[in-house]
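Notes follow the structure.
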Amino acid sequence: MGKIRIDFVILMLFAFPIITTAEIYIVTVEGDPVISYTGGIDGFSATAVESDEELDVTSDLVTSYRHHLEQKHDMLLGTLFAHGTYKKLYSYQHLINGFSVHISPEQAEALKQAPGVKSVHRDWKVRRLTTHTPQFLGLPTGVWPTGGGFDRAGEDIVIGFVDSGIFPRHPSFGSHNTFGPLPKYRGKCEVDPDTKREFCNGKIIGAQHFAEAAIAAGVFNPSIDFASPLDGDGHGSHTAAIAAGNNGIPVNMHGYEVGKASGMAPRARIAVYKALYRLFGGFVSDVVAAIEQAVHDGVDILNLSVGPNGPPATTKTTFLNPFDAVLLSAVKAGVFVVQAAGNGGPFPKTVLSYSPWIASVAAAVDDRTYKNHLTLGNKKILPGIGLSPATHADRTFTLVAANDVLLDSSAFKYSPSDCQKPEVLNKNLVEGNILLCGYSFNFVVGTASIKKVSETAKSLGAIGFVLAVENSSPGTKYDPVPVGLPGILIADVTKSMELINYYNISTSRDWTGRVKSFKAVGSIGDGMRPILHKSAPQVALFSGRGPNIKDYSFQEADLLKPDILAPGSLIWAAWSPNGTDEANYMGAGFAMISGTSMAAPHIAGIAALVKQKHFHWSPAAIKSALMTTSTTLDRAGRPLQAQQYSGSETVSLVPATPFDYGSGHVNPRAALDPGLILDAGYQDYLGFLCTTPGIDSHEIQNYTNSQCNFTLGHPSNLNSPSITISHLVGTRTVTRTVTNVAEEETYVITARMEPAVAIDTNPSAMTLRPGASRKFSVTLTVRSLTGTYSFGEVLLKGSRGHKVRIPVVAMGYER
């Protein structure tokens, strides 16, 4: 019942304006970070790890080299600038070699010219971008039992959340003294400065906050933003609960239980890295510091509901910037990174997670909807949205419009039809009746809320309320909002006009327009029961779409994004009572919101279940298991559909493509036993970068500290669980390598493609023993030029029942 909240943290590509002339810059310098240092400096032995190997940050070698790098950073700044003219905010040593510093633009120019400095980027600002989904995904019956039940699901796996913090006293995060120590995790727990209580309890295993850049910029207010991991927004608590919240937590709203909440991996541990704040968002300097700390502490999975608001303007490619370079190093250290795909849909090229080493998640609408109806005295039944109880059975109640029950005509200056101010309405006329209000633009911009309408109606003694939408912006989507008394939103303008016409005809007035008698009556139905439908899942309207792009000029990349689809619409999960960002859930312990921010932690939690079963799998192997076992069919067995704007800008459904859903909708049960995986590591990602046209090898070395000694021939040869050729001329053959992670099995390989592009595979079948790897090739040939992409798939069907599906995307061009 309210305009949709679409949650996703956006990395803005400009610095936040501040009063002083100083600004925040992220600087990278020559020399390897800890993760890639192979030796060569006297007195400091190598610290580099092989691909997908955990970094031992406790070793004396790492500690010594890390201090060496930090001293070099301090020496560089101290040599260039006088003491007191700059402030170093962070040193980055583990994943990238550099620092964040608060200096003037003139000092930044001097830094750019200094020997040993590789890049100087002005910091860019960041802002924010379940009860039923475990059942929808088949976790309680098909996945949790295989790992020992819900009370073991995700055991000892640590998920790190770079977000807005956490509300530690929420029952979704209670420990009940059932979580023991976990020696492999090295994070720390801050103490709440007000309560003096630790944020950690065993379930929450680490809690830190990062705000040096925000403080330097002069926008941090500790009384609102909390100088601690405490969630001042709600977003961080929501994402953490979706991924790893405790199982069976009752969701109580206004005295009604709307279900029981559970995370995807209810026994996984939660590590909190707060770098986002309610009023201003945050800064990349703080986010990078949080990611560095998370990898240092030993998280297994990293959930990021943050991404750019567009391709980075300061670098030549979407894949290379301080943010994505840090994530590449995190993956090298064996951390599985999940990122929300963005909420710019349904338009093309709106996906905001670009790099192959990241699992980019699109948002789906699941099978649960809340519907309600208003029955009028003329027997007409008007459909609407209302997550509320019904009015008394077999009774109708008088309808009174807010504008007709004003105490004083001067109240018109307060937009009284919004029903936000009970003091301007006559309680004697409202009491015992249904209050009729108007859904104005104030609700769209957030200055009015449905929660406040409910509070107004209740304080005046109304039996319930109706909100009528008289003017709807094209494409506006309305979500149900839980309220304690009967209430309904009539979102269809034509139905709202039927209501208003009936009210006007039934209401008698004197010559001045004042009401003489209210005769319109109605009753509100029960909206508390969800309706489950088989047309799910569908790609949500807001979910960011491909094709993926490789640079600021929106040139298309030879890499499919998004990677996978997961529930992200109307997700119930924990909320922080401190949060004031969402007016309809102020003071509430739970909220139901939408966004790819909600889809990403579904994948993070399911990845924790895969990691628990296959602990030594690489991030690429986990990603492959999730992607190759996903489904492109809905619950009714029909091809997936995507919400889209029709010609009149109303929302309709169209056949979905891999640019909408990537490989398909996640299938957790199948992901635990994928049969085959397509693995890749750090060197493969370097090969992808070095083979992508338009990327300068010096730029690659700047961000990765690695030479381009390895080539894939073409970026589409990256061993990813998808195949994309954005510019297919004539014929091209790509290869993939699969590894058997099950018993010996024979696979038959088939392929299909839309007619404009021919597809062929070789060999047609192969037998793999446990642990064995085999290559196969896929040949694509242009048949006709359509000016559009062709979609298809390669299917490997195993004799033991495994099915491995790889989406294929290509656009043909003339020679």
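Using the three backbone atoms N, Cα and C, a Cβ is placed for every residue, glycine included.
Copied over from TrEMBL:
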- 1-22: signal peptide (SIGNAL)
- 66-127: domain 'Inhibitor I9' (DOMAIN)
- 154-636: domain 'Peptidase S8/S53' (DOMAIN)
- D163: active site, charge relay system (ACT_SITE)
- H235: active site, charge relay system (ACT_SITE)
- S597: active site, charge relay system (ACT_SITE)
- 699-809: domain 'C5a peptidase/Subtilisin-like protease SBT2-like Fn3-like' (DOMAIN)
Whole-Å Cα distance, H235 (active site, charge relay system) to D163 (active site, charge relay system), is 7
CB neighbours within 10 A of S597 (active site, charge relay system), counting all protein chains shown, number 32
For S597 (active site, charge relay system) and D163 (active site, charge relay system), the CA-to-CA distance in whole Å is 10
DSSP assigns the residues of the domain 'C5a peptidase/Subtilisin-like protease SBT2-like Fn3-like' (699-809) as 9 helix, 62 strand, 40 coil
Helix, strand and coil residue totals from DSSP for the domain 'Inhibitor I9' (66-127) stand at 24 helix, 21 strand, 17 coil
